[in-house]
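J.: First, the structure itself, so that you have it in front of you.
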Amino acid sequence: MASSFSRILSSKRHIGFLSLVGGSVTAGFLLHREHVSAGTPVRRSYPASAEYPDLRKHNNCMASNLTPAIYAKLCDKATPNGYTLDQAIQTGVDNPGHPFIKTVGMVAGDEESYEVFADLLDPIIKERHNGYDPHTMRHPTDLDASKIHSGQFDERYVLSSRVRTGRSIRGLSLPPACTRAERREVERVVVDALAGLKDDLTGKYYSLTQLTEKEQQQLIDDHFLFDKPVSPLLTCAGMARDWPDARGIWHNNEKTFLIWINEEDHTRVISMEKGGNMKRVFDRFCRGLKEVERLIQERGWEFMWNERLGYVLTCPSNLGTGLRAGVHVKLPLLSKDPRFSKILDHLRLQKRGTGGVDTAAVGGVFDISNLDRLGHSEVQLVQTVIDGVNYLIECEKRLERGQDFKVPPPLKQFK
Amino acid sequence: MPFGNTHNQLKLKFSSADEYPDLSKHNNHMAKVLTPDMYERLRSKQTPSGFTLDDVIQTGVDNPGHPFIMTVGCVAGDEETYDVFSELLDPIIEDRHGGYKPTDKHKTDIEASNLKGGDDLDSNYVLSSRVRTGRSIRGFCLPPHCSRGERRAVETLSIEALASLSGDLNGKYYALKNMTDAEQQQLIDDHFLFDKPVSPLLLASGMARDWPDARGIWHNDNKTFLVWVNEEDHLRVISMQKGGNMKEVFNRFCTGLTKIESLFKERGHAFMWNEHLGYVLTCPSNLGTGLRAGVHVKLPNMSKHAKFEEVLKRLRLQKRGTGGVDTAAVGGVFDISNADRLGFSEVELVQMVVDGIKLLVEMEKRLEKGESVEDLIPAQK
């Protein structure tokens, strides 16, 4: 069972281990740009100019950055797994975007996509991540939860706290491109590792193909169940193929640590609980992640990571930490203040409705989370959320007392 | 995956058993025919343009099907798909097209004068008449697999050919991506406009990629002859008009098709056709004639008769609601058309519709008068 995979991975695995020892000179050797060769060139009957997509009505990061020259340079290349530029940009071609919301418009089919298509992805990354330049900058990874301070929110305002990220298994293609066998291998590797979790992290796996009615209802009631994606942004990228084969949900018995398998990424890891103890949520998050990593390493696997891009995930918007730390918080007065958006912007926070992205806030309760993903560590981002939410609560309290508040200065960005 | 030839090489590193799809909950033609052994034999193959077995079956894997309706569950990416994957497609074709064997020959007949009658269907009952088919241009990949460059080339060729039509067939092309609001509204009012497919059966096969690039509608000034470019097939050709003169509809259909075919030939392009499968189209269900000839007909009494379904079956007809496939009949008005596509010629199929509708209308009139229709129940065609 593992033999076909060990053949593929044997050359990469050894080098990959070195890259985990942070700061070593050999770190990043595997993904140093010049060393990743593209796969067999793509056979094409038409010149690049005849194939170039019509992006005149488009407003996404891919459309802003894909010039005819870049297209011509990259259109005949493929990653070693055979993933092509046209496949990577298909979602952005099919979904012109929204006049107000700028989507990314491109995905990675495998780890090497970020190298082979760097001429397009680097400017997209720079645009999406506030000027982060993968050529010159290094992404800091820091999962030491002990560094967090003031991580307990006022629970009269904060109803729940949550931290999520994603992790990809090195050596296996990502959801837009993976074969059924690869997807099943991701499931086997992760489920096998999760079975080794103990104590408060002891849990159980629920495969989407085998859910009983009762289990399904329980997962829905717990707000854990994920369904086949309906967003055309995701379906056009091919990540819903073969649904629900090799998809599933793992969660611990306490229902505070949850892992989605083979949805938009190989894994999505979520730590959550009611109330305002973000420190405990983040502590469990870091512990759980490190333990899962240790368990897959024991079995000869590792996560996709490099010092330029941090953790490698399907969507370029999730590079770096892939981390979204957020709370559901009651801000009925502040949210009606005309300065609300500006405050959020200065604090590097974003608001969503309580149903998640693209939903409306109900009863003055907002989902507030970090805007950034790349270029700041996990600890830094969670601290930013903690400090920011505490500030928002202070503003709300002042408004309750009939007092005014100050708009905070913008947080420093790298440039 | 569309035009990613090298991707199939990656799959071959994994065992066939590890790649085999889970079809345990599936009910479509593909799932009925595909076996692990067949998958193993076919998975290393690809057509000259790089279309693979997984490309063929993806729509069937993603759409398990319906307990009552048997979908096909596969598509062709090019003409050669039907050859390279014949081990899978031949049994599917046989099952879907009433026992049509790999050795059978399909007869093409678009000589409209061979149709008997059809000009006198009672317009008190028959509200409209329509004939549609599809055509694929040889040498280009089909909608599930084509690149943007190919799709645009199909569009350019089609526009050029259609621009040469004259007389009753003089018309104009409307590219979907350049349409003005006024043009769009007019096409909607005429019931001509097609939109991006929403059916997961179509989306999962990749035919909606790059929408609306290189898609468009051509129709003649009289609004009786219509061509869709790059929807589910390269071309869908439709002849239609109000009332019951199916003969006139079919005449125009044949004249138009023949003319279009010669215009393409003048430019060095033939339609995909062979003597076994007839006209080659994206979905195996549309092989042969690709023809659906139908009417919107008022049958409020007949449709409630206990033997309605049986009569349709014997006449080799099928019913749909007036919105087309998967819609409900409104006000007792049904869309009745031929059930077959392959193994009968165009003339034979339209003849079945003409004769069948005449009979159904006669039965409707009897039931209106409170008379029996038992003596009119037909034998199985």
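Backbone N, Cα and C atoms are what each Cβ position is placed from, and that goes for glycine too.
According to TrEMBL, the record shows the following:
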type: BINDING; residues: B:128-132, B:His191, B:Arg236, B:292-296, B:320-325; note: ATP binding site
type: DOMAIN; residues: B:11-98; note: domain 'Phosphagen kinase N-terminal'
type: DOMAIN; residues: B:125-367; note: domain 'Phosphagen kinase C-terminal'
J.: What average pLDDT is reported by the model for the domain 'Phosphagen kinase C-terminal' (B:125-367)?
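T.: Within the domain 'Phosphagen kinase C-terminal' (B:125-367), the model's average pLDDT equals 94.
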J.: Which one of these binding-site residues, B:Arg236, B:Arg320, has the sparsest Cβ neighbourhood, judged by other Cβ atoms within 10 angstroms?
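T.: If we count Cβ atoms within 10 Å for the binding-site residues B:Arg236, B:Arg320, the smallest count is at B:Arg320.
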J.: DSSP helix, strand and coil counts for the domain 'Phosphagen kinase N-terminal' (B:11-98)?
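T.: The counts are 42 helix, 6 strand, 40 coil.
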J.: I want to verify one value. Collapsing DSSP to three states, which class is B:Gly294 (ATP binding site)?
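T.: DSSP call for B:Gly294 (ATP binding site): strand.
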J.: Give the number of CB atoms, excluding that of B:Gly294 (ATP binding site) itself, located within 10 Å of its CB.
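T.: I count 25 other Cβ atoms within 10 Å of it.
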J.: Which of B:Ser128, B:Val131 (the binding-site residues) has the most other Cβ atoms within 10 Å?
T.: B:Val131
